[in-house]
Each structure stands twice: as C-alpha cells, then as structure tokens.
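Taken verbatim from Swiss-Prot:
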- Cys63, Cys66, His67, His118: heme c binding site (BINDING)
- 1-26: signal peptide (SIGNAL)
Amino acid sequence: MLKRSSWLAALLGLLTVVSTSTHTYAIELDEATRTVPLESSGRTVILTPEQVKRGKRLFNNSCAICHNGGITKTNPNIGLDPESLGLATPQRDTIEGLVDYMKDPTSYDGAESIAELHPSIKSAEIFPKMRNLTDEDLFTIAGHILLQPKIVSEKWGGGKIYY
C-alpha cells in the first residue's frame, strides 16, 4: 500500500509541475507582422492571433492539398507569393482581392471564369471543402496567405527548391 501511495504522490506532483508550467512553443507575431493589405487603396488590417491560427487551420484543410508552401501544383509558374498575386488581373495581393478570387476565381489575366476548375464558393457543389466557408473564413484564409511571406520569406511560393 505504501508503494502505491508513493507512486500516486509522485504522479500528482508531476501533474502539478506540468500544469503550472507556461511554455509557449508557437511563434509570437507582433502587430507589424500581422498587418496585411486589406484593399488596393492601401488600407491595412491587423489580424488577431485567433485569426492567424484559424486562417492557417482553414488553409491547411481547404487549400494546402494544391497550394502547400504557397505553390500551385497544377501550374507551378503561378504561386501565392506576393509578386505573382500582385501581377494578376485583377490584383490578388490584398484580403479583398483574394476573397473575391475564392468566391469566383478567374484566369490569371482575369479574362475568363475558372470556377469549374478551381475550388471556390461559386463551385461549392463540385468542391465540397468550400461548402461551409463563410466570408470570415475566407478573410482569415486570405490573411494567412498574405502573412506567410513575412514569416517564411522567399520559401512561400518558392517551389521545389524549398520543399
């Protein structure tokens, strides 16, 4: 009985130490890092830490199968890096531009709809991962895409040489 109670006391002591330690292993992002372009007029928005986490989770669940690391598996010439997003027509280097694209995607030159080829809200019946995404979800996914170049720099959208 004494052995059992000493093991129990040791286990409780260990649990107490583990539960009171406050280690944070996630990267802490300051406001400057979490600031991303909202619209083409130059307005910006500061993402909350919760939006950052949610955007990453939603991107990984809905987009990363084709865009892991900011690449585009079906067209390696066009990635999610800031340069590619900024050169698209219409530009997609803002939250507003990316949300519009996720709702109704167009070709890189903006000439034609590609909703039947690219997952979007418009084609949610074909791409079920898009079905339940709200405008807030799209906002946080766009925030994640625009935040990544600040965190992983040229690796985001850099392609095979980095991944």
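Using N, Cα and C of the backbone, Cβ positions are placed for all residues, glycine too.
Over all protein chains present, the Cβ of Cys66 (heme c binding site) has 13 other Cβ atoms lying within 10 Å. Neighbour list (His118 (heme c binding site), Cβ cut-off 8 Å, at least 6 residues apart, same chain): Pro105.
For Cys63 (heme c binding site), the same-chain residues lying six or more positions away in sequence with a CB closer than 8 A to its CB are Pro119, Ile141. Long-range Cβ contacts of His67 (heme c binding site) within its own chain (separation 6+, distance under 8 Å): Phe59, Lys73, Leu80. The residues near the heme c site, meaning same-chain residues not in Cys63, Cys66, His67, His118 whose C-beta sits within 8 angstroms of the mean position of the site's C-beta atoms, are Ala64, Ile65, Thr72, Lys73, Pro119, in sequence order.
For the heme c site, whose annotated binding residues are Cys63, Cys66, His67, His118, the maximal Cα to Cα separation is 12 Å.
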